[in-house]
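Chemist: One structure, pasted below without further comment.
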Amino acid sequence: MHAYANPARFLAIARPLTPWLLGLGTALLVVGAWAGLVLVPGDYKQGETARILYVHVPSAWLGMGGWTGLAVAGLVQLVWRHPLAGIAARAIAVPGMLFTALCLATGSIWGKPTWGTWWEWDGRMTSMLILLFLYAGFIALTKGEEGGRQGWALPRGAAVYALVGAVNIPIINRSVVWWNSLHQGPSITMRGSSIDGALLWPLGLTLLGFSLLFGAIVLMRMRRIIADNRVTARLQRMADEEV
Amino acid sequence: MKPKHQRLVLALLALAGIAGAGILGASALRDEAAYFRTPAEVTAGKAETGEAMRLGGMVAAGSIARQADGVTIRFVATDGKASVPVEFTGIVPDLFAENSGMVADGRMRADGVFVADRILAKHDERYMPPQMGEMPKNMKLVPEE
């Protein structure tokens, strides 16, 4: 794994991969959105309103997946001291928080016409809001520390924080099973899907499309961080030579 | 043991500890974090008369009855084990219907009727095209406990 500690090796893969992720993700998203918003019929009960799930579900998935990524990066940094871990975590945090916010916003918009409320403090919504705050905390913990003496490694506290915060992920996932909630139970489980096949397939497209875009955004942010690093190092060298 | 392995063991131990603490915390919250109480819990005496609470359940088939004043409805909330009559004055969400979930804010009156100040509709996790019609017989009405 440390082969990719060399930024040149990482960049050799990341650079050509980015346009592929970007292009394929956009294409899947366009087809998925068209299918979900236009082609497939509305839900038998909620009608057209249920179509927001094609954005809401991928947002929830990426918000939670993003934190899982942060936790893995935190572990990799604490145990293996891998130099890319801190870069990856910093690159993931902002888009992860963005998708969490998107999940909360689309959920709220969805809740008003179906449940009759913008917001309720039920287990699912509360735990998802906590995830948003966790992201904000992580970003605050890692801001202003980058590129310093430690390079781009996460401050130890931030790496531990990413691991501790991961405890919220299974809580979000199980919140509708453990506790009575306004939010409905899981539609897609190990036993299958209670979303009919006719409505399910566009969700697969948008889920994959959003995920690929997320990957592209993370790779671009990682490349920017590495580029920043090089500029800083070069400026430092030049300054040292002048003295 | 190399320092790397030492750190790995420590990190995994810490992770297990955090996960354990999380599970303990979540299970301790089991009742407190519930968004609503079920009719079975209410009839078992978990709700005191006049205490503000939420009641959640299915609206029993054929139970919605509009009262003479035109704005008050009565219906029966059930969870398959017990049922509680509910009275509500006001506008219900569009998805509020018989054989469908609902959550009501309110309090128990001394005569055993739950008086709601607000009603929310709860939908289930099934999505399907309208031509499939009403609920297939093999799908359960009440979520498993």
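Backbone N, Cα and C atoms are what each Cβ position is placed from, and that goes for glycine too.
Heads up, TrEMBL stuff is auto-annotated, nobody curated it.
Fair warning: this is a prediction, and the values are worked out from it, not measured in the lab.
According to TrEMBL, the record shows the following:
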type     : residues           : note
TOPO_DOM : B:1-7              : topological domain 'Cytoplasmic'
SIGNAL   : B:1-21             : signal peptide
TOPO_DOM : B:29-145           : topological domain 'Extracellular'
BINDING  : B:His123, B:Tyr127 : heme binding site
Chemist: Please report the number of other Cβ atoms within 10 Å of the Cβ of B:His123 (heme binding site).
Modeler: 21
Chemist: So what pLDDT does the topological domain 'Cytoplasmic' (B:1-7) average out to?
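Modeler: Averaged over the topological domain 'Cytoplasmic' (B:1-7), per-residue pLDDT gives 83.
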Chemist: How many neighbouring Cβ atoms, not counting its own, are there within 10 Å of the Cβ of B:Tyr127 (heme binding site)?
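Modeler: If we count other Cβ atoms within 10 Å of B:Tyr127 (heme binding site), we arrive at 23.
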Chemist: Summarise the topological domain 'Extracellular' (B:29-145) by DSSP state, stating how many residues are helix, strand and coil.
Modeler: 11 helix, 42 strand, 64 coil
